[in-house]
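Visitor: The transmembrane segment annotation in Swiss-Prot covers 12-32 and rests on sequence analysis. Feature annotation from Swiss-Prot assigns N-linked glycosylation site to ASN289. Taken from Swiss-Prot, the feature heme binding site applies to CYS434, supported by similarity to another entry.
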Amino acid sequence: MSLASLDLNALWLEHSAVIATLFAFGTALFLVSRSQKQSLNLPRFEVTNDVLKTIEEAHAQYPDDPFILSMVGMELAILPRSGIDVIKTLPEDQVSIKRHHHDVFLGEYTYMGTKSPEFDEAMRYDLTRNTPTVLASFVAEVQYAVEDSFGRPDQWTAFQPRACMSKIASLMSGRAFVGLPLSRDNTWVDATVRYTQDVTRAWLVLRTIPWVLRPFVAPFLPQVRSLKNQRRMTEERLTPLLDPSNAKNRDEIPGGDMLRWFRQRYPQGPTPKQLARDQLLATFASIYNLSNALSYLLFDLATYPEHIEPLRQELQEVLKGEPVNKENIQKLKKLDSFIRESQRLSPPSLANMPRIVTNPRGLKLPSGHTIPCGMRIMVRAHTLNLDPNLWPNPTRFDGFRFSKLREIPGNTFKYQHATTGTDNINFGHGLWACPGRHFASSQMKVVLAHLLLNYDIKLPNRMEKPQQQHFGLAIVPDTEQMVLLKIRG
C-alpha cells in the first residue's frame, strides 16, 4: 500500500470520526428538542403521508385549541382562528417572522429573514403607496410577457401553466423591479426563475437533516451552490445600475421603480451586495407565489368556463378599450372576486402567519396554553378557507362569491382580494401582512385581463381540474398538467 493511500485513509478516518461525532451530537440535540416539545400539554399529530387529512382530523377534534403537527424535519404548533388576533400585532421580540423565514428559507444563502430595514421600508411604504406606478409597468410589459410564453397560436395549443407563468411573473416583476433592458435578458430571467426553485429544492433536502448538521451539509448541495452563484451574478448585473449616468431617460420608460426606491432608502447609497440582497428578497417573494397563483387562475378559467363571458363583459364595459389603470382597476369587481375565490380554494399554504416564539416567557393563548420560546407556530388557513360558517357551500367554486357579497349595503370595500382579516389570512394579517399583496393582486388582474380579452382557454378533452400538490404545508399547482389556448379571432 502506498504512502499516499495511507494518508488518504487516515484523512478519511479522521473526517469520518468528525462526521460521526457531529451526527451523534446533532441527533442528540434534535431528540432533546423533540422531547421538550412532546412534553407540552398539547395534542400531537404526526404526518405519515397525507398532511391535509391529518390537519382536518386534528381540527375536527380540537377546533378551538392548538395542536402540535409533526412533519419531516419540522414540528410546530398549529393555532386555531383565535390565534390570529393574538399574534397579528406582536413585535419581533415576542414572535418573529424573520427568524422563521431565516430558518425555513435558508437565510444564510438566500438572505431570507436577514435584517434589512431598507428593504422592509421600501416594501411596506414605497411599494404600497406607489402601486399605481408599478401598474403602469405591468401594462407596458404584459403583451410581451404573455406572447413570449404562449405566442399567438391560431389553433388550440397545449401549454403547462406553471412553467409559462413562472416566466411571465419574472418578466412582469422584473420590469417593475429593475426595468429594461435587464428585465428581458434571458440569463437574468432564467436565473430569477431558478432562484425560487433552488430555494425550495434545497429546503426539501435539508429539512430531513438535523439542524445542527445543516451548515456542514448545505455547502455541498448543488442547489445551495447555485444560490451562491446567483447571488454573485445578481451583484454583478446590478452594479452598473448604481451609476447615476445609467439612470438617464429611465423616467420616460415605465419600469425599474423598485430599484429606485431601494436606492433612496440608503442615505449613502447601497452597495452592490445590499442591492442584490434586496432584489433577491423581492424576487423570491413575488415570483414564487405569483407564478403559482397565476397557474391556479388559468386552471380555474379552463375548469369553470361559465365565468369567462361575464368576466369579458365586465372588462369591456369598464375598460372601454383602454388599458388597466389606477381608476378602472377598482371597478373590476368580478375579476377581483374570481381571483380571491381562486386563492381561497388554492391558497399558498395550509397554514399561514408563520412565527417563532421569541419571548422567553413564551406565548400565552386564550385557550390557556403557553407555547414555549423557540417553538414554531402557524395559524390554520385551510379550515378557515373552508369554514361553512363563513362561506356557504365552501367546497364549491363560485367565482363571483365575493362580488355578490360586496353588493350588500355596507360591504362595498369589504371582501376584496387584497383585504386581510380574521376570515382571510392567505396574505397573512396584521403587522406582517404581505406588503406586496396589492402589487401581486394588480399584476394578476393585468395578466388575467390580457388573457381573457385575447385568448380562448379550455382544458384538454376528458381532463378534470388538475389537483394540488402538497410539500409539507406548502400548496403548489400540478407542474405537468396542461391547458389549451388559442388566440381569439
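Just so it is clear, glycine is given a Cβ too, placed from its N, Cα and C backbone atoms.
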Visitor: When a 10 Å sphere is centred on the Cβ of the residue listed as 'heme binding site', how many other Cβ atoms does it contain?
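Guide: By my count, 19.
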Visitor: Counting only residues 6+ apart in the same chain, whose Cβ is under 8 Å from the Cβ of the residue listed as 'N-linked glycosylation site'?
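Guide: Spatial neighbours, sequence-distant, of the residue listed as 'N-linked glycosylation site': PRO348, ALA440.
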Visitor: What does DSSP assign the residue listed as 'N-linked glycosylation site', in three states?
Guide: helix
